[in-house]
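S.K.: OK, TrEMBL features for this one:
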ACT_SITE  Asp8  active site, nucleophile
ACT_SITE  Asp10  active site, proton donor/acceptor
BINDING   8-10, Trp24, 43-48, Ser51, Lys77, 115-119, Lys146  substrate binding site
BINDING   Asp8, Asp10, Glu170, Asp171  Mg(2+) binding site
Amino acid sequence: MLKAVLFDLDGVITDTAEYHYMAWKQLASEIHIEIDREFNEMLKGVSRMESLERILRHGQRERDFTPEEKQELATKKNKQYVQLLEQVTPSDVYPGIRELLLELKTSGIHAVIASASKNAPQILRSLQLTDLFDYIVDPDEVAQGKPAPDIFLRGAEAVGATAEECIGIEDAQAGIEAIKSAQMIAVGIGDEALLMASGADVVLPTTEKLSLPFLKSLIC
Ligand code: B16
Ligand code: MG
């Protein structure tokens, strides 16, 4: 029986990827590394520090900075990102998501955020969605980020659900892999070929078709 739905944030609840991209692009250009949208796809669902490492590797500059300097670079990117987040409003919630969350609440099924973003609480406040979630996993609570299963397992544990009673929803390959290694049903949002290759059980092109009857049909 379905007891909890674990949502990724960026790419599932709203599109903050564009703001991440703008902030990383500016930071990268300051250290003479060029990134484009195609490269940005590899940063989706990946933690802030791992994103920085990937950018430095891309520019072959991974050995040019001390751990302290890397921390400063990540902090600088985050300041810029947080400034861009000021533009987020409730109208930025993806289609069908608010309705799905309301259906879950009425049915007593737990809704959990399992996002790699440390800014998730602020984003949910700006979207006016905080009250519709039962638990927001702090990525610092878990030992390993996606594609490790930790964040999804922690989310399930927090609401008293077993893996078989959970569905995870993700837009990134690393996220689908994390859900599958947590032994949960994985719903992908976005590119069907890419997400099926990562092990998704089903992929929808957008969030519009997500509904409680659809999710229940995957697990009963
Ligand atoms: P922050 P998700 C992820 O969110 C983003 O997709 C990824 O691009 C970002 O680096 C990561 O959060 C960390 O975000 O810098 O705000 O802590 O897709 O897991 O909801
Ligand atoms: Mg995502």
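Every residue, even glycine, has its Cβ placed from backbone N, Cα and C.
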S.K.: In terms of DSSP three-state secondary structure, what is the assignment for Glu170 (Mg(2+) binding site)?
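M.R.: Looking at the DSSP assignment, Glu170 (Mg(2+) binding site) belongs to a strand.
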S.K.: Roughly how many angstrom lie between the C-alpha atoms of Trp24 (substrate binding site) and Glu170 (Mg(2+) binding site)?
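M.R.: Distance between the two Cα atoms comes out at 22 Å.
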S.K.: Please list the recorded positions from Asp10, Arg48, Lys118, Asp171 whose Cβ falls under 6 Å of any atom in ligand 2.
M.R.: Asp10, Asp171
S.K.: Whole-number Å only: compute the distance from the Cα of Arg48 (substrate binding site) to the Cα of Asp171 (Mg(2+) binding site).
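M.R.: About 17 Å separate the Cα atoms of these two residues.
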S.K.: So among Gly45, Ser115, Lys118, Asp171, all listed as binding-site residues, which is physically nearest to Asp8 (active site, nucleophile)? Use the C-alpha atoms.
M.R.: Ser115
S.K.: What's the CA-CA gap between Asp171 (Mg(2+) binding site) and Gly45 (substrate binding site) in angstrom, rounded?
M.R.: 8
S.K.: Using Cβ-Cβ distances, find the residues under 8 Å from Lys118 (substrate binding site) that belong to the same chain and are at least 6 apart in sequence, listing them in sequence order.
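M.R.: Set apart from Lys118 (substrate binding site) by at least 6 residues yet with Cβ under 8 Å, we have Arg48, Asp138, Pro139, Asp140.
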S.K.: Among the recorded positions Asp10, Trp24, Arg48, Glu170, point out the residue whose Cβ has the most other Cβ atoms within 10 Å, with all shown protein chains included in the count.
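M.R.: Answer by Cβ density within 10 Å: Glu170.
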